[in-house]
Amino acid sequence: MVNFTVDQIRAIMDKEANIRNMSVIAHVDHGKSTLTDSLVCKAGIIASARAGETRFTDTRKDEQERCITIKSTAISLFYELSENDLNFIKQSKDGSGFLINLIDSPGHVDFSSEVTAALRVTDGALVVVDCVSGVCVQTETVLRQAIAERIKPVLMMNKMDRALLELQLEPEELYQTFQRIVENVNVIISTYGEGESGPMGNIMIDPVLGTVGFGSGLHGWAFTLKQFAEMYVAKFAAKGEGQLGPAERAKKVEDMMKKLWGDRYFDPANGKFSKSANSPDGKKLPRTFCQLILDPIFKVFDPIMNFRKEETAKLIEKLDIKLDSEDKDKEGKPLLKAVMRRWLPAGDALLQMITIHLPSPVTAQKYRCELLYEGPPDDEAAMGIKSCDPKGPLMMYISKMVPTSDKGRFYAFGRVFSGVVSTGLKVRIMGPNYTPGKKEDLYLKPIQRTILMMGRYVEPIEDVPCGNIVGLVGVDQFLVKTGTITTFEHAHNMRVMKFSVSPVVRVAVEAKNPADLPKLVEGLKRLAKSDPMVQCIIEESGEHIIAGAGELHLEICLKDLEEDHACIPIKKSDPVVSYRETVSEESNVLCLSKSPNKHNRLYMKARPFPDGLAEDIDKGEVSARQELKARARYLAEKYEWDVAEARKIWCFGPDGTGPNILTDITKGVQYLNEIKDSVVAGFQWATKEGALCEENMRGVRFDVHDVTLHADAIHRGGGQIIPTARRCLYASVLTAQPRLMEPIYLVEIQCPEQVVGGIYGVLNRKRGHVFEESQVAGTPMFVVKAYLPVNESFGFTADLRSNTGGQAFPQCVFDHWQILPGDPFDNSSRGSQVVAETRKRKGLKEGIPALDNFLDKL
């Protein structure tokens, strides 16, 4: 940190209008970390000489070795805008210094939970797209999440050096490439956004407004149309008119920017802009973007890359570029880097784009409050968040835990939305299961220390006001992964994050040396804390299971477990896939079960969900917290449920939120409400451990048809009803053609045309199928999209690379659940093999339990 003291940062923190919280998001390997470097180096935290190679935000050793970002890291930057630039900011501002909290997040699909955590604490996002390969599956996933969280995007087209040097594109082709990417991104924004009438207004990106940057992170240069518009305005102003005031100048630059993009043409003969592609005397005119922006850049590239010394020297003089003495003797690519870096420094262009176009916390929290806060929209906490008020009650969201150098302790990483958090402040620490007025998941504790996160360093700081991102010490014992910290007694929680992937791949781990078991258990606890996505489960058979999003994610988790969290050698099983149990038709008989004392009877049936309902429950479109009538209306309209039945949903399961439903369609049963809790408990138990092989159920609707109860309350207690309900639910599943569901990945593969055949071969061997194949316009690359069962995905990447000579790059992301073909009762089918394997692994009795165990006769 070169010229920056904590006191200086603390002073800017009070100016909420001048803070920008932003994350950098992109597809894997589109150059996020490299770009982040040029920002960091501009803001004066690493030495500029090293920018581009340091990858400052990749703090972990394995990140630097693998050249991928795994965890999201935070850095504060400081940038001062010149007086001229301040006029471009349309929101309120306070002075010319800006504090930018930047979070570099991973692009790998397996780590998209890290991205979700990063998005929650930011208000804006820099979306990086490789201009050669275009918008990919991960860009889309993350952008969709960002827009759902009401985060405003700006776009950066990275890797222009590749487009110019490798693909040797003509200016017009390059323009078309950019135009297409802008359109693709806007399609995503308009599909998932709320439109111009929504609370955020229009968030479409548009080069004319200056919300699109172009450049190369590796070479360290970038520009938006604003930079070139300023050059030309200055050039024309120098010819005749006198000095312009900052406001008029801004107006002129904005007019100029409108002319530099789209179907506008420039006539070099008389220096006039025209709207038609032909000049009055019929010559074809060049497009302004090509003539006035790309052409100068090509003119810089051409003499330098062809080693024409005299031309190069003239050019450097004309552009008024002052090279360092050591740069003067370079030639070829190194010289090109030096010249472009001086002429169009990436840091300036991007930081200007960020400060001018991304919202400050004051602006953003107005429209994000309803998404962030679960409580009523007019209580003290909500008002404090809406106005980002440092005098309001403290409201802070912890989005993840960051491991410290001290083994086993974590910093809680999060953002202050209202009030001020300070060292020693007594706060209420509320976990995700806290409900106002109850005591569970609530701790009253003082905060030991507040710290600033600085990439590889932390700096202690006295207190931090709202709108800022901060780390806390001494909170980690009371929270698992996320939570809310507040001083307001009646505060509700901040809303829990929705992850776009679900943990479907599991590994069993055990310590090589049995004496190390306590260390392993402790290590698993820490692992669950440090990664927002991972689940650690202890099976009844006593084995420890780690569930993650995919092979790479699990590999990193196991490495962390072995080296950082447990510090012991570990044995691990092969990865196994979670399955779900479901039914494929309605139960063929009405199932009856009697309680152990034979005095109570339950009658039920099971039937499958209509298509799409399970996904709606996963997304939270239909949930237990919803208002009853609204939910009934939704189910009746979209899925044609009977309205009366839709109103009588008892609960969702497993865990009260899962994709199974228990409805009550009984008529006039006495004492029904007294046993409701017991039946619900039995339902939660049965859906968590299904009848086939004790996996979760999915997409099953159970109807309670009739109940006969004993008149005495003592004979219908929980001990009688819960096991009965469970047996009855199992019976109704087994009579409804039960099936297994397996998780399916969506695979996107980028490859050159000649190896597409090899890809089909690999996918067919692994039960995958291709459903879309398209060529990336303007390049020789093909994009193949396919569905691939997760079970077959282990070693898929290696297999694919060996069959295509390493030219195909797959990206797998969990997409949906699909029914495994074949009846699990038929011994030759795939389903029955899976059931047998799973039962054996879990140490259950062989063979699916017989129906007679669950079904009683009258």
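Including glycine, each Cβ sits where the backbone N, Cα and C put it.
Under the heading GTP binding site, Swiss-Prot lists 26-33, 158-161, 216-218, citing similarity to another entry as support. Around the Cβ of MET160 (GTP binding site), 27 further Cβ atoms fall within 10 Å across all displayed protein chains.
According to Swiss-Prot, the feature SUMO1 cross-link maps to LYS239, an assignment based on similarity to another entry.
In the three-state DSSP assignment, the secondary structure recorded for LYS322 (SUMO cross-link) is coil. Over all protein chains present, the Cβ of LYS322 (SUMO cross-link) has 7 other Cβ atoms lying within 10 Å. Annotation source Swiss-Prot lists SUMO cross-link at LYS322 (among others).
In the three-state DSSP assignment, the secondary structure recorded for LYS529 (SUMO cross-link) is helix. Residues or ranges marked as SUMO cross-link by Swiss-Prot on the basis of similarity to another entry: LYS529 (among others).
For 17-362, the entry in Swiss-Prot reads domain 'tr-type G'.
Among the features that Swiss-Prot reports, phosphothreonine is placed at THR59 (among others), with the record citing similarity to another entry.
Annotation comment: Swiss-Prot describes LYS152 (among others) as N6-succinyllysine. Under the DSSP three-state reduction, LYS152 (N6-succinyllysine) is assigned to strand.
Sequence-distant neighbours of LYS235 (N6-acetyllysine) (same chain, 6+ residues apart, CB-CB distance under 8 A): none. The N6-acetyllysine feature in Swiss-Prot is assigned to LYS235 (among others).
Sequence-distant neighbours of LYS272 (N6-succinyllysine) (same chain, 6+ residues apart, CB-CB distance under 8 A): PHE266. The DSSP secondary structure for LYS272 (N6-succinyllysine) is strand. The annotation N6-succinyllysine is assigned in Swiss-Prot to LYS272 (among others).
Summarising the annotation, Swiss-Prot assigns phosphothreonine to THR435 (among others). DSSP assigns THR435 (phosphothreonine) to coil, not to a helix or a strand.
The feature N6-acetyllysine is assigned by Swiss-Prot to LYS439 (among others), with similarity to another entry given as support. Using a 10 Å radius centred on the Cβ of LYS439 (N6-acetyllysine) and all shown protein chains, the other Cβ atoms total 8.
Of all Cβ atoms in the shown protein chains, 15 besides its own fall within 10 Å of the Cβ of LYS445 (N6-acetyllysine). Per Swiss-Prot, N6-acetyllysine is recorded for LYS445 (among others), and the stated evidence type is similarity to another entry.
According to Swiss-Prot, the N6,N6,N6-trimethyllysine annotation covers LYS525, on the basis of similarity to another entry. Every protein chain shown contributes to the tally, and the Cβ of LYS525 (N6,N6,N6-trimethyllysine) ends up with 15 other Cβ atoms within 10 Å.
Residues or ranges marked as N6-succinyllysine in Swiss-Prot: LYS572 (among others). Secondary structure at LYS572 (N6-succinyllysine), taken from DSSP and collapsed to helix, strand or coil, is strand. Close to LYS572 (N6-succinyllysine) in the fold, though at least 6 residues off in sequence, lie VAL507, ALA508, VAL509, GLU510, LEU558, each with a CB less than 8 Å from its CB.
Residues annotated as phosphoserine in Swiss-Prot: SER595 (among others). Around the Cβ of SER595 (phosphoserine), the number of neighbouring Cβ atoms within 10 Å comes to 24.
Annotation comment: Swiss-Prot describes HIS715 as (Microbial infection) ADP-ribosyldiphthamide. Taking the Cβ of HIS715 ((Microbial infection) ADP-ribosyldiphthamide) as centre and 10 Å as the limit, one finds 14 other Cβ atoms among all the protein chains shown.
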- Item | Between MET160 (GTP binding site) and LYS439 (N6-acetyllysine): CA-CA distance (Å) | 56
- In angstrom units, rounded to an integer, how far apart are the Cα atoms of MET160 (GTP binding site) and LYS322 (SUMO cross-link)? 23
- binding-site residues compared (ALA26, LEU218) - highest count of Cβ atoms within 10 Å: ALA26
- Using C-alpha positions only, work out which of the binding-site residues ALA26, ASN158, LEU218 is nearest to THR435 (phosphothreonine). ALA26
- Message: Between LYS445 (N6-acetyllysine) and SER216 (GTP binding site), how many Å separate their Cα atoms?
- Response: 48
- Task: Please name which of the binding-site residues listed here, ALA26, ASN158, SER216, is nearest in space to HIS715 ((Microbial infection) ADP-ribosyldiphthamide), Cα against Cα.
- Result: ALA26
- Here the 10 Å Cβ neighbour count for ASN158 (GTP binding site) comes out at 26
- Task: Sort the recorded positions ALA26, LYS152, SER216 by C-alpha distance from LYS525 (N6,N6,N6-trimethyllysine) and give me just the closest.
- Result: ALA26
